[in-house]
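*Asks:* Before I ask anything, let me first share the structure, which is written out below as structure tokens.
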Amino acid sequence: MKFIIKLFPEITIKSQSVRLRFIKILTGNIRNVLKHYDETLAVVRHWDNIEVRAKDENQRLAIRDALTRIPGIHHILEVEDVPFTDMHDIFEKALVQYRDQLEGKTFCVRVKRRGKHDFSSIDVERYVGGGLNQHIESARVKLTNPEVTVHLEVEDDRLLLIKGRYEGIGGFPIGTQEDVLSLISGGFDSGVSSYMLMRRGCRVHYCFFNLGGAAHEIGVRQVAHYLWNRFGSSHRVRFVAINFEPVVGEILEKIDDGQMGVILKRMMVRAASKVAERYGVQALVTGEALGQVSSQTLTNLRLIDNVSDTLILRPLISYDKEHIINLARQIGTEDFARTMPEYCGVISKSPTVKAVKSKIEAEEEKFDFSILDKVVEEANNVDIREIAQQTEQEVVEVETVNGFGPNDVILDIRSIDEQEDKPLKVEGIDVVSLPFYKLSTKFGDLDQNRTWLLWCERGVMSRLQALYLREQGFNNVKVYRP
């Protein structure tokens, strides 16, 4: 079998040296991706296309599908390459190939020709089109908007009968641009923004700020692995997970409510910039869209950018949510995003939409930056190829209950402000307060002979924290959902 790879048009308008470099990189990317399907396949580059030849017919569909997801490819032609002698021979071969497709349909013939011949492309179109029209009674020629277009390519003494055309994702080959670090949360925005930078030729590494235990991290790892495996598997990339719970706890304890959102984002950018510098990455990528939430106003984004010299790319800055969700659906991350737990631990009651630099800096003076340095230093860095094996490992489960036993105690893990606003009172059972950001250090001080039922309003944080405690060896925890 043979495929002809057509280049993304923006590649073809580059200077000769740049075009050759892009084609060389794309050829290498294709080899890296397809070697898993057929180690004997051949990938041959030309000035205006790339040929892929493979022997294993059982892998035809898999190879074709993989090619449509490699950045830099405009479209793929599945072809049959045969010799020919003259125009009548071309017609006879086209008749055998296309007769069944043209029965009862309107059609036209389009020919591309390279080499020296005693006929032109138009001559072949007329001859083959007239012959097909005569020999297939139910078919008729229609040059504009036909139901079937017969594509033929003539190159020297070879005829390419095009059996199918399949659209690629376009863009530039990965590796033609410099590396970036995507701040991925597993939601709609960060997945789409990561894809857009891969499509533009960047090798995308991933940085995840873990705010809620292993279950959340496993979900985000699956999203990152899916994106890499589907669109970027030609290159090795890193997945860096940073345990940000200590940072969140420090913010909740010391920072003014209205400034929390902006300061949390500033801390994330600081941490991600340190990671980027460590690995020689040139830019950060976020899924922020202008005005989508309070921290994404121009004033706040400018303040967030100010904490780092690292370039921050926001490919979705002018996109609305519906457009982003549609893109997520196209690339296959929508289902991941819909089921991803939404972290609700740092939500200000009255977040500022126009933060003042002096106020932000004054609040940050209360923050212990050694905590930030420590979590970055302890960041977990893994090769994304290892994630598939790791996520297959059994995840600790936690029981959810809606009633009480004689030894049970409800543990309200909401922030102090939330508890003061809406105190939890349940008849017939004790309620103890311990904010989620103190669980890792204070839960061990509680009476371990009791069974602790973790509770928060949405049930997301309580489940994540219960999973975390189970992983730490505390088996006396459950989730309370009335």
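Cβ atoms here come from the backbone N, Cα and C positions, even for glycine.
Keep in mind the model is a prediction, meaning the values are calculated, not measured.
For reference, Swiss-Prot lists these features for the protein:
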type	residues	note
ACT_SITE	Cys456	active site, cysteine persulfide intermediate
BINDING	Leu183, Ile184, Lys265, Gly287, Gln296	ATP binding site
DISULFID	Cys344-Cys456	disulfide bond
DOMAIN	61-165	domain 'THUMP'
DOMAIN	404-482	domain 'Rhodanese'
*Asks:* Quick check on the domain 'THUMP' (61-165): DSSP residue counts for helix, strand, coil, in that order please.
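*Replies:* Across the domain 'THUMP' (61-165), the residues distribute as 38 helix, 38 strand, 29 coil.
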*Asks:* Across the domain 'Rhodanese' (404-482), what are the DSSP residue counts per state (helix, strand, coil)?
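*Replies:* Secondary-structure composition of the domain 'Rhodanese' (404-482): 28 helix, 17 strand, 34 coil.
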*Asks:* In sequence order, which residues at least six apart in the same chain have a CB under 8 Å from the CB of Leu183 (ATP binding site)?
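*Replies:* Counting only residues 6 or more apart in sequence, the Cβ neighbours of Leu183 (ATP binding site) under 8 Å are Ser190, Cys207, Phe208, Phe209, Met268, Ala272, Leu284, Val285, Thr286, Gly287.
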*Asks:* What are the sequence-distant neighbours of Lys265 (ATP binding site), meaning same chain, six or more residues apart, C-beta distance under 8 angstroms?
*Replies:* Ser295, Asn300, Ile304
*Asks:* Need one number for the ATP-binding residues Leu183, Ile184, Lys265, Gly287, Gln296: the maximum pairwise CA distance in Å, whole number please.
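*Replies:* Between the most distant Cα atoms of the ATP site, 16 Å.
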*Asks:* Where Ile184 (ATP binding site) and Cys456 (active site, cysteine persulfide intermediate) are concerned, what is their Cα separation in Å, rounded?
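*Replies:* Cα of Ile184 (ATP binding site) to Cα of Cys456 (active site, cysteine persulfide intermediate) measures 25 Å after rounding.
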*Asks:* Could you list the residues of the same chain, at least six apart in sequence, whose Cβ is under 8 A from the Cβ of Gln296 (ATP binding site)?
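*Replies:* In sequence order, Glu288, Ala289, Leu290 meet the Cβ cut-off.
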*Asks:* Could you say which of the recorded positions Ile184, Cys456 has its Cβ with the most other Cβ atoms inside 10 Å?
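*Replies:* Answer returned by the neighbour count: Ile184.
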